[in-house]
Amino acid sequence: MKIEMKNISKSFGTNKVLEAIDLPINSGEVHALMGENGAGKSTLMNILTGLFPASGGEIEIDKEDKTFKNPQEAEGFGISFIHQEMNTWPDLTVLENLFLGREIKNKFGVLDTKAMRKKATFAFEQLGVTIDLDKEIGNLSVGQQQMVEIAKSFLSDLKILIMDEPTAALTERETERLFSVIAGLKAQGVGIIYISHRMEEIFKITDCVTVMRDGLVIDTKKTKETNVDELVRKMVGRSITDYYPQKNAEIREIVFEAENLSTADFKNISFSVRSGEILGFAGLMGAGRTEVMRAIFGIDKLKSGTIKINGKSLTINNPAQAIKAGIGFLTEDRKDEGLVLDFSIKDNITLPSTKDFIHHGLFDDKTATTFVKQLSERLNVKATDEEQMVGSLSGGNQQKVVLAKWIGIAPKVLILDEPTRGVDVGAKREIYQLMNELAERGVPIIMISSDLPEILGVADRIAVMHEGKIAGFLNKKEATQENVMQLATGGK
């Protein structure tokens, strides 16, 4: 199958979001689609799959004009879109999810479970994975749920598969499994549109790359004929010569101390962070980094150990006590744990500091609005106003709202768990710059990141975890990818 999207444009009211877009999609090819959040990538794919119509232009499939009325019609034609937020029902089994709305019935109108099981088993065999058809989706890992979504595509003679940030929540092993599946699909002649911000993935698995910016296609070329610097320059419209901004903070006295922290997930964790310091936490998935931070913040209970701020021991049994002590925690899952998507920007930012705006028993909305406006401007949150629903913002702007929420409590220590996950190149740099500004004001920062170049580029010092223990610390001079990975895999 060959698809040609020609001169596609799209406007929502007076707001033009796509203009004169040309995009070729070929069978047996992995085509990367890159661009900052808001560039128009998802809008273009939603037009292709029939979620809404284009305002202009045409789509040709094998040289014939074709427009889909809805995503179901596109799926019937062999074109599937796996969104970043997966379309599964957690309380239903794998089999029920696969055939929801496309049930197979016998001549008497009764569900033909045997036929559905046979078809589902065949789909997973084609993917080279084994998944229990009777298990509830909610009990599967994110990687397994993703395989269910891909298997669902196989039920309709898959020809084109669109994947939006597919590795954002996967472990390293699940990511490699996905890459293996993509290679298999490519060998079968399936065309794949791969939307991602992760440069290393683009150069590892894609054949060509299209860069979008502000609703326009900037360039399309073979992946092997470009490089990271060129792609970044085309995505943001300027050269980012220094991807990680220079840090000028003075590192001073110890502010935060953790001594011999233990739970069932980690043992005897001890470290300290100084005023103005960014301490990175590296390690493989499952090493225990997030679990340590959740315990420090009072989400999970410590079995033993001591937490100190400015030399004073703290009792932290819940997040409220952690916030009162001056600890801010940006969690790795911003949508489920960091934000209330149905709340406004203002309501989200003021959540942990609501008491500061209550005077004589009443909430001072005017003061809160001014406070939120100032924070939003400082963090360059792109929104219509502070009353806009957070769920309607781009990933980068949502992350800035979470950061604003914790900056708003004037933290004595700030914990950031995967702060740039699912965030575009321009927003990443803004977050790095903000971290530097906080460090310059003396805030100690603890940053978990699975992106090795990021942690090497941002952290002053790195703690590397392996199987629930700190395997070692590396200073700026010692920190290389090789040294980090050696400690992360249990080497000395």
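Indices start at 1 and increase along the chain as displayed.
Placed from the backbone N, Cα and C atoms, the Cβ positions cover glycine too.
Database features (Swiss-Prot):
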DOMAIN    3-239  domain 'ABC transporter 1'
BINDING   GLY35, GLU36, ASN37, GLY38, ALA39, GLY40, LYS41, SER42  ATP binding site
DOMAIN    249-492  domain 'ABC transporter 2'
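Long-range neighbours of ASN37 (ATP binding site) (same chain, six or more residues apart, CB within less than 8 Å of its CB): SER394, GLY395, GLY396, ASN397, VAL423, ASP424, ALA427. Annotated ATP site GLY35, GLU36, ASN37, GLY38, ALA39, GLY40, LYS41, SER42; additional same-chain residues within 8 Å of its Cβ mean position, judged by their own Cβ, are THR43, MET212, ARG213, SER394, ASP424. Within 10 Å of the C-beta of GLY38 (ATP binding site) there are 22 other C-beta atoms, taking all protein chains into account. Local packing around the binding-site residues GLY35, GLY40 was summarised as the count of other Cβ atoms within 10 Å of each Cβ; on this measure the leading residue is GLY35.
In the three-state DSSP reading, GLY38 (ATP binding site) counts as coil. All protein chains considered, the CB of GLU36 (ATP binding site) has 23 other CB atoms within 10 Å. Within the model, the domain 'ABC transporter 2' (249-492) shows a mean pLDDT value of 91, rounded to a whole number. Less than 8 angstroms from the CB of ALA39 (ATP binding site) sit MET212, ARG213, ASP214, GLY215, MET235, ASP424, each of them six or more residues away in the same chain.
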